[in-house]
Amino acid sequence: MDGAGGPAEGPAQEALQSLSRRLQVQEKEMELVKAALAEALRLLRLQVPPSPLQDPGTPGPPRDSSPATPPGLPPTCNPSFVSRGTQTEVEVEMEPSPGPPGLSNGPPAPQGGSEEPSGTQSEGGGSSSSGTGSPGPPGILRLAQPPQPPVLFSLPNSRGGKDPLSSPGGPGSRRSNYNLEGISVKMFLRGRPITMYIPSGIRSLEELPSGPPPETLSLDWVYGYRGRDSRSNLFVLRSGEVVYFIACVVVLYRPGGGPGGPGGGGQRHYRGHTDCVRCLAVHPDGVRVASGQTAGVDKDGKPLQPVVHVWDSETLQKLQEIGLGAFERGVGALAFSVADQGAFLCVVDDSNEHMLSVWDCSRGTKLAEIKSTNDSVLAVGFSPRDSSCIVTSGKSHVHFWNWNGGAGVPGNGTLTRKQGVFGKYKKPKFIPCFVFLPDGDILTGDSEGNILTWGRSLSDSRTPGRGGAKETYGIVAQAHAHEGSIFALCLRRDGTVLSGGGRDRRLVQWGPGLVALQEAEIPEHFGAVRAIAEGPGSELLVGTTKNALLRGDLAQGFSPVIQGHTDELWGLCTHPFQNRFLTCGHDRQLCLWDGEAHALAWSLDLKETGLCADFHPSGAVVAVGLNTGRWLVLDTETREIVSDITDGNEQLSVVRYSPDGLYLAIGSHDNMIYIYSVSSDGAKSSRFGRCVGHSSFITHLDWSKDGNFIMSNSGDYEILYWDVAGGCKLLRNRYDSRDREWATYTCVLGFHVYGVWPDGSDGTDINSLCRSHNERVVAVADDFCKVHLFQYPCARAKAPSLVYGGHGSHVTSVRFTYDDSHLVSLGGKDASIFQWRVLGAGSAGQAPATPSRTPSLSPASSLDV
């Protein structure tokens, strides 16, 4: 029994300690309330006019006298009282001490001219004004109330008040109350009150900036390539640009770097998609491109339908939208017809039946459709000699389709299937790729490492379209080409064929009769070959399963031109005085990127998941927090680990150096902030103390400009302040920190940024926030694949923002570079890194702002660009 009772003592003891702390806070508040009440009664006695019994000669109080300020209140404010809905509860409007959420006596809503419905509760419970009413539906934002003259008393609410301990809003509600005297602003997340004190320099919220910021963002560079789990994702256009995709962006890359544009190299981006792109096809003219996206959901959980965009690669203008509402789950494979100059487009979706459809490209109309198979379809293509012949391949099948166009009448076309027969050859589990030869034969690459040659039988060629599917095509030759699966086949201009292996990572060139001519091996750290495209001359472009794009040839080998992460990203920090930034994530790779050269400077295998990072102000070392409670300090030049320390066994969510580099703060999921003293070069660290007081895991923290204080947020929406230099003490009176200046602003909760929160937020909608170094704008990463740009300070309800899409997953982090010239954003599961150029008002190339087309934090007040 003792053993069973032991573990329960810990939570019980913690609960008792928590209750004790709350009781102490309440006692302090009561003392302040009593003092304020006594002072208010004194003032009332001074302001009462002389009674008839008073001696007329007795001098009354002077009208311009300035009574002393009650204890704990700002010197510029007079006390005022508002009934809280019962005859016995009277609350002072000003809050000298925050107290724990749900216990502090928050400012009530104003009565006259208020947009707050009567009867709405404030923090602490009771009705904020007389009359009946309800708190309103969850998620309603209460707008700012204008300052009004102090109200000494209001009549008791005779209609009955609400329970003072009841929640001020339902789950998901986000509400703001504004103090009559401008002391604090309060919002609610999941019904939990969050009080934020207004800096003394702000006399009215109306003085704060409104409207979207004059600065805008322009997508400068996208790091990464989606080779891990997609096919049909690498082609070369007529212009010489390489086209591929990652997240919701189709990238047009001209090898050689330099500024963007069709003639100058670099990157251009097609950003018309609203969810992740899954496949590409290039028109025979080498200019038009078709890209298919997956299905998704918007911020309200409503499905977004998959669709195919046909667009011009020179102008980046969408020409046609095909199949909106016709596909399920996503678009898995695409192909343009060749024999008739790309008049038709074949599409296979990701539904259970993998519907195969043929579309008129110019009209966007569907000509034929049929259920293809319940097995996965990995590739589709038109025969270059006859557009009536379509081939699909995938899991355990090769299908040959005969298409009758039905005289071009929508819906009149027919598709008939003829299955490829393996006969005496072993049937593979997958046939990921195929290619048409000039003589009409077809080569397939399969999961057994074999290349099979399929030839049309003589009887079938005399009777095209005839029944008897087993006679359509037959295997005429087999060659064992690779160890493991063959992921890619490519027909070169000279008639030879290239094959790319999975397990062996070999790239082999085959001549007539499948005779091996030349080969090369891709280095292991780049992964297996996923896609092959032929560039100018002998140059080849190779996409790999580890999201790298390589350039080279079989004789000289290959070098990377595009690299990226392969799993979910969370850690991001920017260099203190160079245009460099560092990323880490679930793929256990720590990567330093050169933002000027748009290239990977170096990478390191952490062996564990990296979740957060920060540069020392000297730039000589960087601290990295891992998911095991362990954190490392690495030399940025040698990549050597100079410190390896563990604090607890919970994951670390934030590491941050003080602005003078003397301290390092580490926020953990064990609810504590660990403080370390740091040597001048950042290489040595020693434990200085711990900040203990949060009741949930640490999410964000920032240092003050003098390096003595910390502001922190936690998973239960607390805002706490700490005196680090004074011994890591919790500052009980948060009001005293209202004017403190912060070296960085990454905390998502605080007066200066509370306007970024949307209506109806559940508290997890914002993953990351960053103020620019010039303190003019604040960037926000949300849970709906968007990056927002707000003015700073953003302390007005429903603040408008500029909204930027492109990520295909929750955006996990945003950071400005040291000179605010760029903003870096991380996609979560799409493993993408976007580098945005920050443009000032009126800058050349400024992205046009258009009404928001996609869900955003504040749909009614945001611009999607």
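Just so it is clear, glycine is given a Cβ too, placed from its N, Cα and C backbone atoms.
Remember, it's a predicted structure, so these values are computed and weren't measured experimentally.
The region 'Disordered' annotation in TrEMBL covers 1-20 (among others).
Under the heading region 'Disordered', TrEMBL lists 48-178 (among others).
According to TrEMBL, the feature compositional bias 'Pro residues' maps to 49-77.
According to TrEMBL, the compositional bias 'Polar residues' annotation covers 78-89 (among others).
Look at TrEMBL and you will find 102-121 tagged as compositional bias 'Low complexity'.
Feature annotation from TrEMBL assigns domain 'EML-like first beta-propeller' to 267-552.
Annotated repeat 'WD' per TrEMBL: 562-594 (among others), in sequence order. Helix, strand and coil content of the repeat 'WD' (562-594), in residues and according to DSSP, is 0 helix, 19 strand, 14 coil.
Per-residue pLDDT, averaged along the domain 'EML-like second beta-propeller' (569-838), amounts to 96 for this model. The annotation domain 'EML-like second beta-propeller' is assigned in TrEMBL to 569-838.
Within the same chain, residues 609, 611-618, 620-621, 623-631, 633, 635, 692, 694-703, 705, 707, 710, 712, 714, 722, 724, 728, 743-744, 746 sit at least 6 positions outside the repeat 'WD' (645-686) and bring their C-beta atoms closer than 8 Å to a C-beta of that stretch. What TrEMBL lists as repeat 'WD' is 645-686 (among others).
According to TrEMBL, the repeat 'WD' annotation covers 691-724 (among others). A Cβ distance under 8 Å defines the sequence-distant neighbours of the repeat 'WD' (691-724), meaning residues of its chain 6+ beyond its ends; these are 18, 101, 189-190, 192, 194, 196, 650, 653-654, 656-660, 662-663, 665, 667-675, 730-731, 734, 737, 740-750, 763, 769.
The region 'Disordered' annotation in TrEMBL covers 844-865 (among others).
The annotation compositional bias 'Polar residues' is assigned in TrEMBL to 849-865 (among others).
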